Each structure stands twice: as C-alpha cells, then as structure tokens.
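Engineer: Take a look at this one; I'll ask things after.
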Amino acid sequence: MSGAGEAAIRARFRLDWPGFALDVDLDLPGQGVTALFGHSGSGKTTLLRCIAGLERAAEGELRVRGEVWQDATRFVPTHRRPLGYVFQEASLFPHLSARGNLEYGMKRSREPLARAALDDVVGLLGIGRLLDRRPEQLSGGERQRVAIARALAVKPRLLLMDEPLAALDFARKQEVLPYLERLHDELDIPVLYVSHAPDEVARLADHLVVMQDGRAHASGPLGDTLARLDLPIRLGEDVGVVLDAVVAARDPAWHLVEMAFAGGRLWARDNGQPLGHRGRVRILARDVSLSRAPVSGTSILNTLPAVVVDSVDDGHPALVLVKLRVGDSPLLARLTRRSAHALELAPGRQVYAQIKAVALVG
C-alpha cells in the first residue's frame, strides 16, 4: 500500500432507538483496513450505515480525508458520497452480466474508475473469465468478488464492507480471503470492515475497533488491541495475538520456515512464502504454556524468554489469562489458576513461553 496514512476519518455519531443507542467518537486511519468487531447487536452495521449516510436520524460529524460529509449544518446524501459498499449478500443485478454490473457501477459515479484501473481491479480479484456470466451462473464466492469489483468501480474514497463473507460456507470463504488480502496490499483508500470472525480480523485488519452495546470500547492498532486484557468481550478459544513477522529462513528438510519478529524467531509450517516475505503470525493463548526454567526433551519447537505484565480472570473460575512481553511484542497465555499459583506469577516475573502452535495468516 502506498500513499499518506495521515489523512484520517473522524466519525462521531449519536443515534437513539427504542432499546438501543449508538454513541461513538472515533478517529480512524485514513488508509488500511479498520475492522469493526463485536457480537451481533453491538452496533457495527449501524455505525457503518451512519457513515454511509443511510441513517438520517443520526447526529454527529463525519470527515473523510479532509472532506466534510456530515456536521451540524451539512449532510451529504448517500448517492453523493464517494464510497463503495459491499453487503453480506452480493446484491448483483440478476438481469446483467458481471461486466454489466461493473459498468453500472461506473455509470453511477461522478468520477468513475478509468478503464485501465478497472482492468487492474478485475485482475486483482481474478474475475476476468467471469465477466460474461450472469449472477446465477456464479458461485457465492465469485458473486461476492464481482460485488467488490463493482464497489471499486465507482472510484470510492472509502470502502465499506459489511460482513462480506458471512453468507459464504467455509470453502467459499477460503476462496475469497486471498483476494481480500491482495486488496489490502494494493488499495490506496481506507476500508471499514465489519466482522465478528476473529480469523478474518487477524488476516485482514490493520486497526481494530471493538464494539459493544452501541459503543466503541477500544480502538487501536490490531496487535496492541488484541493483547489488551480490559476488553469488554471475551474471544473464548480465539483469544490471542497477531504479530508482524518476516520469513527469515527455511528448513526444506522439515518443511518449516523461521519467522523473525520484534521479540525473537518462531518456527512455523512452510506455506511457500519467499524469504523476506512480510506477513503475520497468529498465536492463540490456549497454545502457550509457561515454565520458570528452560525445558528440554520436548516436542515444542518454540520457546522464548518472556516477562509477565499482568493477568486477569478468564471467564471460568479455574482459568487465568496472562499477558507477557517477549522483547517488544505482546503475548497471551491461558493457564489454570493452579498453574499460575505454582509458578508464582506476578508482574515482572521472568518466565519461558512454550508456544505449541504458530499460524501464518498473511
């Protein structure tokens, strides 16, 4: 991704409905993918609709890359906002081919994407061979890729994506996710991505907003926010951290790669990325155990020195969630309270983190 990330999104809204109130005040990056994450009913889609101008009753302020879309005296209607919107369902026109749907998107834009740029989007999303097909001739994943291309055809300054994979089965999600990762790398505009799926957030997001009961309870860089212990929602088995890492070495005999991050190196399964590839690793708290001294004669490949930062109760009276610092990187470990007591864990305690599984997610 290129371009200046300093041009930000200022979003402040208040909306009162019977039984629900949205009250948010956010400053978001002007580039990259911001995930709006939370349980159903937390206000994610309502916030997205306010940003799109679909909730006229919402009071507030919206500035996108220096442009005022809404304030006390001005309200730019949806059709005049330079944005693209991708819904859970592809919502393509059934009587038009994929090409016709893209051309429709270009016609409704005051400043449509240039033909050469549209060709780039078509290639990026891998839909060139699908352009002459009608929506009923496409799989769910193919329809959604065409819908994303149509949203980009209007040359938006902001792309809104409301759980674009929610209607797809697992196989179709795995089909579409690599294309979304390619968009993440190539797009020069901010993307707001609504999801309640931790794996999607781990793969795609740069910035994370945690929503609950109509409010933004946390907002910050993905890695830092996931490692917070004070989030109002628990991710259950999915709690963990995401770390930026680089493929530093390869062990072809055992089909492994060594990932360098700001805290050391980790062995992971080789997925074919070249040396120097910048990606992400995801480490779940359930896959981290602790010891007071190095352990030998174990099947665990990754053991790193760490320092205890803090700990909190973890939803069940038997469990505790421990935050660690490995070099400059955060790490989470889920332990039984009995184990934490036996290890005499306290802030500042030096331990060894044994990491049973490392997943490359980008």
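Numbers run from 1 along the shown chain.
Quick reminder: no glycine exception, Cβ is built from N, Cα and C everywhere.
Straight out of Swiss-Prot:
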- 4-238: domain 'ABC transporter' (DOMAIN)
- Gly38, His39, Ser40, Gly41, Ser42, Gly43, Lys44, Thr45: ATP binding site (BINDING)
- 297-362: domain 'Mop' (DOMAIN)
Engineer: Just counting, how many other CB atoms are there within 10 A of the CB of His39 (ATP binding site)?
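Structural biologist: Taking all protein chains shown, His39 (ATP binding site) has 11 Cβ neighbours within 10 Å.
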Engineer: What's the most sparsely packed of the binding-site residues Ser40, Ser42, Thr45, counting other C-beta atoms within 10 A?
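Structural biologist: Ranked by other Cβ atoms within 10 Å, the binding-site residues Ser40, Ser42, Thr45 bottom out at Ser40.
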Engineer: Fewest other C-beta atoms within 10 angstroms of its own C-beta: which of the binding-site residues Gly38, Gly41, Gly43 fits that?
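Structural biologist: Across Gly38, Gly41, Gly43, these binding-site residues, the one with fewest Cβ atoms within 10 Å is Gly41.
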Engineer: So if I draw a 10 Å sphere around the Cβ of Lys44 (ATP binding site), how many other Cβ atoms end up inside it?
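Structural biologist: A 10 Å sphere around the Cβ of Lys44 (ATP binding site) contains 27 other Cβ atoms.
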Engineer: With helix taken as DSSP H, G or I, strand as E or B and everything else coil, how many residues of the domain 'Mop' (297-362) land in each class?
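Structural biologist: Taking the domain 'Mop' (297-362) as a whole: 6 helix, 36 strand, 24 coil.
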Engineer: What does DSSP assign His39 (ATP binding site), in three states?
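Structural biologist: His39 (ATP binding site) sits in coil per DSSP, no helix or strand.
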Engineer: Compute the centroid of the Cβ atoms of Gly38, His39, Ser40, Gly41, Ser42, Gly43, Lys44, Thr45, then list the same-chain residues not in that set whose Cβ lies within 8 Å of it, in sequence order, for the ATP site.
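Structural biologist: Here the non-site neighbours turn out to be Thr46, His196, Met211, Gln212.
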Engineer: Which of the three DSSP-derived classes (helix, strand, coil) applies to Lys44 (ATP binding site)?
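Structural biologist: Where Lys44 (ATP binding site) sits, the three-state DSSP reduction gives helix.
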